Structure formats: structure tokens, C-alpha cells
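Peer 1: Sharing a structure below in C-alpha cells format, with a few things to ask.
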């Protein structure tokens, strides 16, 4: 078998892994399809005769490397840090970002993967709505997803992308844009019934932001925003429990335990940082320090993270790790915003809307390199990698 045939077969296997990931990202599987695709990509490189098969026209990877180096430095000099935790939550998800270096993500392939992901969101929302109507579950239904916090993070990563592609003028087939928009419409009542308040807050900002920038006729944009808010309002009327949770969003009273608990956790994480400002208490050491020295007597939950990405970085990796994190996200915002202002490109707006929702999620949860939520880090890097490929920052020869 020729090298070209082997490379072609490996490319097909990688694409199959990506398709399987797009259909199973919502749950734990025995096989990590992104890691499998990455390994196949490494094997493929061996068969390349031209070793200069790749061009990189971006500093994104430099800033990501800086973040990894800063956090790795804190692990090396902090005796309480956990290398296994660092490898699992910080290093392993990078395979999703590095895939575009090993596999050519064409626009058609990316849209295919997003369509499959959209299909999962459509089916999951239908099931959640069914759960609510039939009163199958109480509290926070999550459909097929492996936990409501995973669903929360995935909602904020993916739905802004689907809305942007559905209403922004682009070259997608009309039927595909309609399907993406129907997915959004089906997910709105599901999001209401899921009762995750940070999703409500984030999308109430991000969706109008997308609509305003995507539709040139601002009267039409304003009308669509009003219609979507009214649609959401009507969905709330079917769920008194959701309405009750909505009314508690701004409360800091001790009678509203989720809000009050977060305030206590944020205070504890701040104290951790103040006591260990340079390298933090050690990556992977938050829970031990929290329950041993920093948990408030008023707290009722033994949490593994402070429900805030920035405070988690400060508490676990100090100023050194946090500087790397901040520089990475500042650069991601800078490039996507500056590119959109310059070219009004849908690719930049799509990534920016997802990044914005992801960042808002990080205000009340540890959705980036967070304990028991590393699937979100995989997806975030996967989206970032596809963005780099779409923008031709990474070019294969």
C-alpha cells in the first residue's frame, strides 16, 4: 500500500473519530475519540515525505503555550500541587486544540461536525421538554447529558454558534440555517426548564448581541430580540419553579443557599490567594485546603472549586498561573474583536459569541480546566481549533 493511500485512510479514520465525538460529546464514553484522532494524526505524520506540510500564521498557539508553561511552573515549584491532576485537566484537553495541526479541517467538514452537534442538541432539548411535560424528573432535567453542569457549559459554547450561523448572512444552505434556528427555538423552553440561572443570564446578553450584529436592519433585529424575550417569558409561565429561581438571581440572602454558598466560596478562594499569592495552594489541592483551612462555618457544601474560573486560577496557581490565563483570553478576545471590526466576518463573530458566553459561564462555575468538567475544556479547545482552521491560521500543504 502506498504512503498516499495510508495517509488517506488515516484521514478517513480521523474524520470518523471526529464524527463519533460530535455524536457522543454529551456523555462519558470508554473511548476518548479526540485522543484517538490525535494519535492517528501523529501516526499519519510518519508517512509524510514533505516535512514542511504545515504553515501557522497565528500567535494563538504561543499564548496557549504561555498559559501551559505558567501553570506548569507553579506545579513544579509548589510541593502540594498534583501532577496527575494537572496532566488530566490542563494537558490532556490540548489534543482537541492540536488536531488542526494534524488534520485538515475544511469548511465543509466543520459544518458537518456542527450539524451533528446541533442534531444532538435538538434531540436532547426535545427530550427535556418531554421530561418536563410528563413530569418525569423534578428540579433540573438534563436529558441525555451526563449532568446538568455539563449541559450548562455545552449550551453556552454551542448555542451562540448555531444562532449566529442561522441568522447571519452566509453561504450555508437555507435548510441548514433553518435547522440551526429550529434547534435554538426548541432549546429555549428546555433551557428554561433546566433551571440553570447562569445560562439564562449569559444568553440574555449574548443572543441580543448576536442578533444586533448579524441583522443589518436594526428594526428587524430589535423585533427579533423582543420576540425571543417574549417567547422565553411565555416558557417561564409554564414552570413556577423556574420563575421562582429567576426571582432569586440577585439575592445574597442566606435563605437562598446557592447564591450565599457561592459568596462564601468566593471569599474562601480569595483568602487562599491572599495567603499564597505567587503560586497558590497548588493545582489539584483546592478541595483539601478548602475543607481543612478555608471553609466558612456557614458553608454547607464541600466543594472542589470556588465556582469562578478567575478565583480558581488565583487560588490554585497564584499570580503566575493567572497571568498566563488572563493573557490567553485577552488575546482571544483581541483577535476575534479586531478581526470582526475589520472584516465583519461571520467566523470571527461565531467564535466571539461562543467565547463571550463561555466567559460569562466562568463567573459562577469552573468551566475551564475545572474539576469534573474537563469535557468543557475539550470542547472549548475543539471550537478554538476549528476557528483557527476556518480563519486559515493553520494551512496544510
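The backbone N, Cα and C atoms fix where each Cβ goes, and this holds for glycine too.
As listed in TrEMBL for this protein:
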- 31-48: transmembrane segment (TRANSMEM)
- 60-83: transmembrane segment (TRANSMEM)
- 89-106: transmembrane segment (TRANSMEM)
- 113-133: transmembrane segment (TRANSMEM)
- 145-163: transmembrane segment (TRANSMEM)
- 175-192: transmembrane segment (TRANSMEM)
- 188-326: domain 'O-antigen ligase-related' (DOMAIN)
- 198-215: transmembrane segment (TRANSMEM)
- 222-239: transmembrane segment (TRANSMEM)
- 309-334: transmembrane segment (TRANSMEM)
- 346-364: transmembrane segment (TRANSMEM)
- 376-394: transmembrane segment (TRANSMEM)
Peer 1: Which residues, given as numbers and ranges, are at least 6 beyond the ends of the transmembrane segment (113-133) yet have a Cβ under 8 Å from it?
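Peer 2: Sequence-distant neighbours of the transmembrane segment (113-133): 18-19, 22-23, 25-26, 141-145, 151, 154-155, 158-159, 161-162, 165, 176, 179-180, 182-183, 186-187, 189-190, 193-194, 238-239, 386.
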Peer 1: At a C-beta cut-off of under 8 Å, are there same-chain residues at least 6 beyond the transmembrane segment (31-48) that contact it? List them, or none.
Peer 2: 3, 6-7, 10-11, 13-14, 17-18, 20-21, 24, 92, 95-96, 98-99, 101-103, 378, 382
Peer 1: Top stretch among 60-83, 346-364, 376-394 for CB pairs under 8 A with the transmembrane segment (89-106)?
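Peer 2: It is 376-394, which has the most Cβ pairs under 8 Å.
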Peer 1: Give the mean pLDDT for the domain 'O-antigen ligase-related' (188-326) on the 0 to 100 scale.
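Peer 2: Averaged over the domain 'O-antigen ligase-related' (188-326), per-residue pLDDT gives 94.
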Peer 1: Under 8 Å, at least three CB pairs between the transmembrane segment (346-364) and the transmembrane segment (198-215) (pairs 6 or more apart)?
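Peer 2: Output yes: the transmembrane segment (346-364) sits against the transmembrane segment (198-215).
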Peer 1: With Cβ distances under 8 Å as the criterion, find the stretch in 145-163, 175-192, 222-239 that has the most pairs with the transmembrane segment (198-215).
Peer 2: 145-163
Peer 1: Going along the chain, which residues at least six beyond the ends of the transmembrane segment (309-334) come within the CB cut-off of under 8 Å?
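Peer 2: Distant Cβ neighbours of the transmembrane segment (309-334) are 59-60, 63-64, 66-71, 73-74, 81, 266, 269-270, 272-273, 276-286, 352, 355, 359, 362-363, 365-368, 370, 384.
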Peer 1: Is the transmembrane segment (376-394) packed against any residues at least 6 beyond its ends, judged by a Cβ distance under 8 Å, and which are they?
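Peer 2: Here the qualifying positions are 21, 25, 34, 54-58, 60, 89, 93-94, 96-101, 104-105, 107, 110, 113, 150, 153-154, 157-158, 161, 332, 339, 347-348, 350-351, 354, 358, 367-370.
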Peer 1: Using DSSP, what's the helix, strand and coil tally for the domain 'O-antigen ligase-related' (188-326)?
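Peer 2: Within the domain 'O-antigen ligase-related' (188-326) the tally stands at 99 helix, 0 strand, 40 coil.
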